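Chemist: Before I ask anything, let me first share the structure, which is written out below as structure tokens.
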Amino acid sequence: PFFVNRGGLPVDEPTWERMWRHVGRIHPEGERGGQRIRGAADLPKIPIPSVPVFQPSTPIPERLEAVQRYIRELQYNHTGTQFFEIKKSRPLTGLMDLAKEMTKEALPIKCLEAVILGIYLTNNMTTLDRFPISFKTHFSGNYFRHIVLGVNFGGRYGALGISRREELMYKAPVFRTLSELIFDFEEAYRRCWHTLKKVKLGHCVSHDPHSVEQIEWKRSILDLDKLTREDFRKELERHARDMRLKIGKGTGPPSPTKDRKKDVSSPQRGQASPHRRNSRGDRRPSGEKKPADSKAMPDLNGYQIRV
């Protein structure tokens, strides 16, 4: 049923090719069975979840509940094939285009896709801070990884996401500190017989859907095997404080435009730097003017070259 096109909407060919390539490996009829499904006219229509639309007066907590409800309606992808290829190194604008594609195709998703979709659906909530939270756990000799989108509204923390487990995705923004939120996830993992090993925290994501910045996925990497309980809590609160300071200053990762400007001007500064180093001993206070001396005239050419 996951391969049925929801509502008869067309799905891009690369996505279908990936799905049928996987079907061909595990099903004896392979692509022929898929073609029969796609060409069947008597299949029931599968409802397409509606992308939430909000009034300006809708409170942020209600909007978050609606976003999470939409993510849940897409369902968790149990097929073993990831329908959308997500590269974490892509700029934010490219990931937002992919999120828009997710809303059109309405196929089941996994946790990383839910994070990208959560960012896309909350971009217009400018008073909401969003940041990725990744977990690494151990169970029965194997390691497992999971990711959610942490949110902070009015000084309260919560999370958006999707998981096989109800308690490992949505968290309403009611936690007073970031450590309380992470400890709640840790307790949820414990109830699933998983041991939390590592937590990776990213920085706040820009609200500009056209930004060419990359998401900072792992600003802080906390290894629980190397930290005491109190040190773990302190590191979580330090990360939360760093995010608040970054937001308060209104700063973010340097844009490529600024980087290019610096790169263009750096050779000029590099050429001028020897002149600055050689003339430091001749500097005077800003209020004191250097007298016009005929002996100093030869040095004027050097300044002209430097400028």
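First residue shown is number 1, and so on along the chain.
Glycine too: its Cβ is placed from the backbone N, Cα and C atoms.
According to TrEMBL, the protein carries these features:
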- Cys111: active site (ACT_SITE)
- His146: active site (ACT_SITE)
- Ser163: active site (ACT_SITE)
- 242-307: region 'Disordered' (REGION)
- 279-293: compositional bias 'Basic and acidic residues' (COMPBIAS)
Chemist: I'd like the Cβ neighbour count for His146 (active site), meaning other Cβ atoms within 10 Å of its Cβ, all protein chains included.
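Modeler: Taking every protein chain into account, the count is 22.
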Chemist: Who sits close to Cys111 (active site): which same-chain residues at least 6 apart have their Cβ under 8 Å from its Cβ?
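Modeler: In sequence order, the residues whose Cβ lies under 8 Å from that of Cys111 (active site) (at least 6 apart) are His146, Ile147, Val148, Gly161, Ile162, Ser163, Met169.
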Chemist: Starting from the Cβ of Ser163 (active site), draw a 10 Å sphere and report how many other Cβ atoms land inside it.
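Modeler: Ser163 (active site): 18 neighbouring Cβ atoms within 10 Å.
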